[in-house]
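Working notes, beginning with the structure itself.
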Amino acid sequence: MSILADPTSTRPTTPASDAALAVRSWVTSIADLTQPDAVVWCDGSAEERERLTALMVESGSLIALDPELRPNSYLARSDPSDVARVEARTFICSEREIDAGPTNNWREPAVMRAELRGVFDGSMRGRTMYVVPFSMGPVGGPISQAGIQLTDSPYAVVSMSIMTRTGSDVLALIDAGAPFVPAVHSVGAPLSTDDAGVKTPDVPWPCNDLKYIVQLPETREIWSYGSGYGGNALLGKKCYALRIASAMARDEGWLAEHMLIIRATSPQGRAYHLAAAFPSACGKTNLAMLRPTIPGWTVETIGDDIAWMRPGPDGRLRAINPEAGFFGVAPGTGHRTNPTAIATIARDTIFTNVALTDDGDVWWEGLTDEVPEHLTDWRGQDWTPASGTPAAHPNSRFTVAADQCPTIADSWDDPAGVPIDAIVFGGRRATNVPLVAQAYSWEHGVFMGATISSEQTAAAEGTVGELRRDPFAMLPFCGYNMADHWSHWLDVGAGLTPENRPEIFQVNWFRKGEDGSYLWPGFGENSRVVEWIVRRAGGEKVGAVPSPVGLVPAPGALDLDGLDLPDDTVTALFDVDPGSWLTEADLTEAFFERFGDRTPAALTDQLDDLRARLQVWLHPVQRAARA
Ligand SMILES: Nc1nc2c(ncn2[C@@H]2O[C@H](COP(=O)(O)OP(=O)(O)OP(=O)(O)O)[C@@H](O)[C@H]2O)c(=O)[nH]1
Ligand SMILES: O=C([O-])CC(=O)C(=O)O
Ligand SMILES: [Mn+2]
């Protein structure tokens, strides 16, 4: 089918430039391959979103919530098999396997292309293909990048219009020659028509058991097949802003990271910016929306999932949030834990896989202390507290525009970005890792990032709770060899002057006591840790003392006023057991060995230094036992 001749195509005015013609011919070639009934060019308007939303309500893909309780908001229930990112089916296709590295699934580009042609052949039959031009970052900004997603999922279109800047102004930029990343998405569920011309009825959440989430970092392409969910299907997010962008960033001297960005202002009126990487479902959205419990501090939100950072004209590392919305974890998000998120999602929100209340609102575990007597669960089944299953899927999410967040910073969409003072790495660790520690140097900070380990969450398939290495919180998202990512970080740091180089820290909100409960209250109380971090990064006089794993707050330096924490809990939060850490060091050595000679020498040196510090701290009894 030719787009130019297609009467159902809403193609904008006849393009003039070569760039514009190239875009149309690419769209035509994908339509020829996937054979949709119609092609619709999206303009990103409110009217368009309303039209697609109404279409999905009519088809049963969306349930309208009670407009009094939750204006202009909807619930989507996915197929029960399509609830999270599929890492086992995510591929990095570089020409050479070594350039994808041992932590990525690699396929040869030519082999993968041939396979993709097979699965995409006719995959949009009976459906509409939408053309969604989008910008990651403010349209035309110096750190921003464009893309075009072709998709047969109206849910993906509407979600992309919340999560990115979509529409005609981006297409105009691309038509004028701005580079863009082509991203093709199909749910892989063509609708056939029988001899009598009757189409097979659609299902509320079409998808396919076979899934492909494919990135070709060298040719900057994305192909996604079989899933309609989150990071699998909203291709601006993980596929582009992390996997493809990390490869671009490596080539061009910048950074694309799985990081939140906040601005914290002290009672003295000094503003600091912090970027923090935690693995999926480990607290980025919550820290990004933190409501400080310590007097006089404010925290404003800039981004909750992704940061693009590059040295600016002033020599400082400047960060933008390339997204325009939040795709946040619902369970655990409550009035007590994250009131800012609760205010953000009061209206104009799409909820996916949460429970439905009898009065037409949403509910999930942790939203309220009180559990409703009756709900419709995420699968659409009757639910009572006696059901014994979660009412909302553990990876259920809300999709909402960033500017609905009451704490969004004025500077959140500044195209030039904000200057970063502190970089934080964290994970979900029940043992060993202290509440907070500051790196001794940039190299030590890169070592902290490279050695993050975290208990797995429901954000991807796999066993929840299993400890795994998640370097830079980028294990599922680095578009090239992870060890090269560490070298790149070392290079970026070396290119910044000491005054402009952010300080690096490590945090752990998730340490548990012997009874299995969290030692640290977390959430708003994390402001106490943020204060120590940004004051240290700002070169202010706040005490720190050395430990084998980094500088930790000196006694009294961390504000614990008004917190009812017993002394032995505080001690336990900062306990560094050299014996256990030496065991971690052995595991780190084995982990580094997986990357062979790509592991930068600076990091093996850091491992030596860590072991040397641990030996000094080792109790004589432990030392004798290890000898
Ligand atoms: N105990 C404790 N739990 C937390 C804290 N911060 C976040 N959580 C919980 O961790 C889960 C995930 O948190 P999010 O902030 O949504 O995670 P995220 O890092 O933004 O996740 P992705 O969107 O998957 O990248 C939620 O259930 C939160 O309630 C904390 O300080 N303490
Ligand atoms: O990509 C997703 O589906 C959600 C997300 O932020 C993550 O998993 O880190
Ligand atoms: Mn994420």
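In case you wondered, yes, glycine gets a Cβ from its N, Cα and C as well.
All annotation found in TrEMBL is predicted automatically rather than curated by experts.
The domain 'Phosphoenolpyruvate carboxykinase GTP-utilising N-terminal' annotation in TrEMBL covers 26-250. The annotation substrate binding site is assigned in TrEMBL to Arg85, Tyr229, Gly230, Gly231, Ser280, Asn395, Ser396, Arg397. Annotation source TrEMBL lists Mn(2+) binding site at Lys238, His258, Asp305. The feature domain 'Phosphoenolpyruvate carboxykinase C-terminal P-loop' is assigned by TrEMBL to 254-613. Residues or ranges marked as GTP binding site in TrEMBL: Ala281, Cys282, Gly283, Lys284, Thr285, Asn286, Arg397, Arg428, Phe523, Gly524, Glu525, Asn526. Marked as active site by TrEMBL: Cys282.
Taken in sequence order, the binding-site residues Arg85, Thr285, Asn395, Phe523, Glu525 that lie near ligand 3, meaning a CB under 6 Å from one of its atoms, form an empty set.
The recorded positions recorded for this entry are Arg85, Gly230, His258, Cys282, Asn395, and the Cα of Cys282 lies nearest to that of Phe523 (GTP binding site). Every protein chain shown contributes to the tally, and the Cβ of Cys282 (active site) ends up with 26 other Cβ atoms within 10 Å.
When the binding-site residues Tyr229, Gly231, Gly283, Thr285, Glu525 are screened for a Cα within 10 A of the Cα of Lys238 (Mn(2+) binding site), the ones that qualify are Gly231. When the binding-site residues Tyr229, Ser280, Gly283, Thr285, Asp305 are checked against ligand 1, Ser280, Gly283, Thr285, Asp305 have a Cβ within less than 6 Å of one of its atoms. Cα proximity to Ala281 (GTP binding site) (within 10 Å) is found for the following binding-site residues from Arg85, Gly230, His258, Asn395, Ser396: Asn395. Recorded residues Asp305 (Mn(2+) binding site) and Glu525 (GTP binding site) have their alpha carbons 21 Å apart, per Cα-Cα distance. Checking the binding-site residues Ala281, Gly283, Thr285, Asn395, Ser396, Glu525 for a CB within less than 6 Å of any atom of ligand 2 leaves no residue at all. For the substrate site, the Cβ centre of Arg85, Tyr229, Gly230, Gly231, Ser280, Asn395, Ser396, Arg397 serves as reference, and the other residues of the chain with Cβ at most 8 Å from it are Val83, Ala84, Phe327, Val329, Ala459, Ala460.
Separation of the C-alpha atoms of Glu525 (GTP binding site) and Arg397 (substrate binding site): 24 Å, rounded to the nearest whole number.
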